Amino acid sequence: MSEQVGQREAVDSPQATGVKTPPEPCPLCRETGPPQPPSITEEGKTNEDIDFIWVACNKCDEWYHSACLFLGDEKWRGTIPKEIISTVETNFGDEGAWTNWVEWIGKWYCAPCLARSTSPSNPRPPRHPLVATMKRASIQPKDIDQAGKPLKRSASTSAPLLKSNIKRPRTSTKGQETASPEIDMKSEREQQAESTAGTPASDAPQGRPKRKTAQIDYRNLNNSIATPTHQWLELIADPEKYGRTILDANYPALPGKLLTRAWLESQPLPGQPSSISPDLLPTRFWGPDREPLIVRPENGGFSSLGGHLPSKDLTVQDVANLVGPDRMVDVIDVSSQHSSQWTLQKWAEYIQSSSGNTSVRNPKVYNVISLEISGTELAKKVKPPKIVREIDWVDNFWRFNAGAGGKDVKEKGRGNDSREGSEIRKEGSHLTEGDNGGEIEEDLEGLKEKTNTPYPKVQLYCLMGMKGAWTDWHVDFAASSVYYTIHSGAKVFFFVKPTEQNLKAYAEWSGSYEKQQDTWLGDMVDEVRKVELHAGDTMIIPTGYIHAVYTPMDSIVFGGNFLHSYNVDTQLRLRQIEIDTKVPQRFRFPMFDRLCWYVAEKYCSDLRHLRAYRPRATTTPKPPHFRVLQCLSYLANFLVSQTGILEDPEAEDKARKLVHDRIPGDIVKDPEGLAKELKWRVERELGALGLLGEEASGVEAEEFKSNGTANGSVKIKGKEVSRKRDRLSKVFDKKAISRTWDFHPPAWSENRQSPQIETTTVQLPRPSTSSSDAISGSGPGASPGASANGGANENEQAELTTMLVKQTRKRMRELDDGTVIEESQETTFVEKKTIWGPKLDKEKISQPQGKVEEDMDIDH
């Protein structure tokens, strides 16, 4: 909704009837009426003679008097840019509120919309704060002169009558942008009067005109944030000139054949060398010192990774033909970082007209970074690296349409449900080397094409950028890892390592619109490193890396995002950063929470069968890699916290419903039980390896020690430990009624009665007010007749108020053997208050307020 201004005319206009109609009030002046300028009494005018200017909120489309905003309280006056307020007050004084300063506004938002945009209860907050803007960077003298002129009206005294006084904003014609809506109003009315030859028109235009202004499109802001691009391009071209330092990354290139899941899991335990490549530890991908992995053509190129790309002569026009010429795509204007929708054919024609062999190159630089190509002819020519397909959560855990027998295609060939003699399926097992590995992979791809249910499509992207394109600092959604191969052209990456401090700095930077506009992120982190990629180069960006991208020449790139089980902690951390910085849902990893439940359900099933008794088994299944187990502990804690929201009666209903809707109920029947079962099963395996942290509880941590073997087998020594293990086995062999067995006792059901208050008049001796007497026993608890001086004291009339509060609570639970236990508690609270009136003798002077005594008694 673009900013709108205009002037309203009533049904019976002064020109038509000669009767002056009071102006319509806005939401701010409905009770008091429109404000009057100071000069109205001097000139003998009334409110009917004043030209009230209207302005509409770009968010809710509510109309307001500009004068009411200018004269309103701080909340409403604060919605106007400060420069406009100061200019109006300086040049127009007290009459400034009635001038046409609205002409200087670019965008404006009302106070309720501003408050809602920053409210924690808003389920879909804007990506950037709502801020009123101006048309120009500064207000020119001609703008000030124009604002002081009266609004132009039609010169005709026989203006056609309007059918009603309802305001209906009129959209400006395509390509038309008027500087003065009042002039536009006049010309339209005159043209209509000429066309009707003075006859009153039944369909006369109604309401205020609407000025067409540029709209900010917030799509793709996960990868691109609106910034003054030119200054960053100048900075990266010559960092020393601006006092900055950008280091060459010098990340060593790796052989493509090394990058497999087997290499990722080649380190048996922390601190031990890799069994595949002792010099290249897999922690380079998932450890705290992880860094981008680069494969150059001389190291085997993309094909050595098990991937496949289209032929080298692929052009943007070919991409349009293979994906679909009419396919809509978001095209980003690099100079403003605003995006618009183009067809791929229009994009291809623009690139063709801007190619280097043409005499005149288009000055506008555009960038396409969000073209997902799954299910297209182009997708058949692109195959992600093998390591991506092996560990990608979507490929390995998402439940696509069920195949024959109600099983997912990834479950084919496993035999009956007992799994006797079969190994536990790990990530990527559908791609295991063997006779049917390729067949299962083809089945999975075919299932993706045929499925009617949505799933996260983020693994196949085609990125096309023009020379000079810039994508500002970002972390890919949910800290997902990225594979990135240059088909043609070149790219320059700027990296910031995802350390704890750097992630905090990034969260601060990305959560502030002002910092994104004028702060180089490199000033807030420890260092920035640069990597240059050329045609044929491939790079895998690890989890959570903060990066920006520059395009030195026209380029076509293929890449994709993937989540995995080796950095779940960082993935969950970035999910929270996205929530804290109010990233809209459409810019986050699609269906992330649902995917987490699928992962948990599969791993929990695998761990359950890992310990199952198989009398005819010929092989011994191996537990997941220690790094996967460590990350599953983070996943389990996250899911436990999600189920905690579901069971929290004090949580907002909206939050509880959000968690509930993201749980795949067809697969996960007992979310709390699944989360907690996964937690203790993971802790048991970590305990067996001797890797259970102090923060994780579990009896297995104290009883099982690892012998350090690669497969994590366990050797137990000592009779005492053996006896404990035997006792535990009897417990775990017993079938529980529910997986939530004995996790938490049931909550108390409380019943609190209303207070019972009784007031009576009694005869009691007045107690002493001295502290020494109170200690010695004087007072209500002392013997009757004891006075302050130890002598007898007469009874006096007093008012005794007794309040009794009774509270009971009860809970009941049933054990596995059918035993029912009921517990109840009862508490009685008694408060007594005794009041003696003022004395009528000489002591009344020293104690004019009387005496109040309270006595509390709690009876359990």
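Cβ atoms are placed via backbone N, Cα and C, with glycine included.
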In Swiss-Prot, the Fe cation site includes H474, D476. Which of H534, H547, H564 does it also list there? H547
So which residues does the compositional bias 'Polar residues' (750-763) touch in its own chain, when a touch means Cβ under 8 Å and the partner is 6 or more beyond its ends? 795-810, 834
For the compositional bias 'Polar residues' (750-763), the number of residues DSSP places in helix, strand and coil: 0 helix, 11 strand, 3 coil
Other C-beta atoms within 10 angstroms of the C-beta of H547 (Fe cation binding site) total 21
State the count of C-beta atoms found within 10 angstroms of the C-beta of K491 (substrate binding site), not counting that atom itself. 23
Have a look around D476 (Fe cation binding site) and count the other CB atoms within 10 A of its CB, chains all included. 21
D476 (Fe cation binding site) and K491 (substrate binding site), compared by Cα position, are separated in whole Å by 17
Residues in the zinc finger (23-116) per DSSP class, helix first, strand next, coil last, are 43 helix, 9 strand, 42 coil
Other Cβ atoms within 10 Å is the metric here; tell me which of the binding-site residues T471, H474 scores highest. T471
Under a three-state DSSP reduction, the secondary structure at D476 (Fe cation binding site) is coil
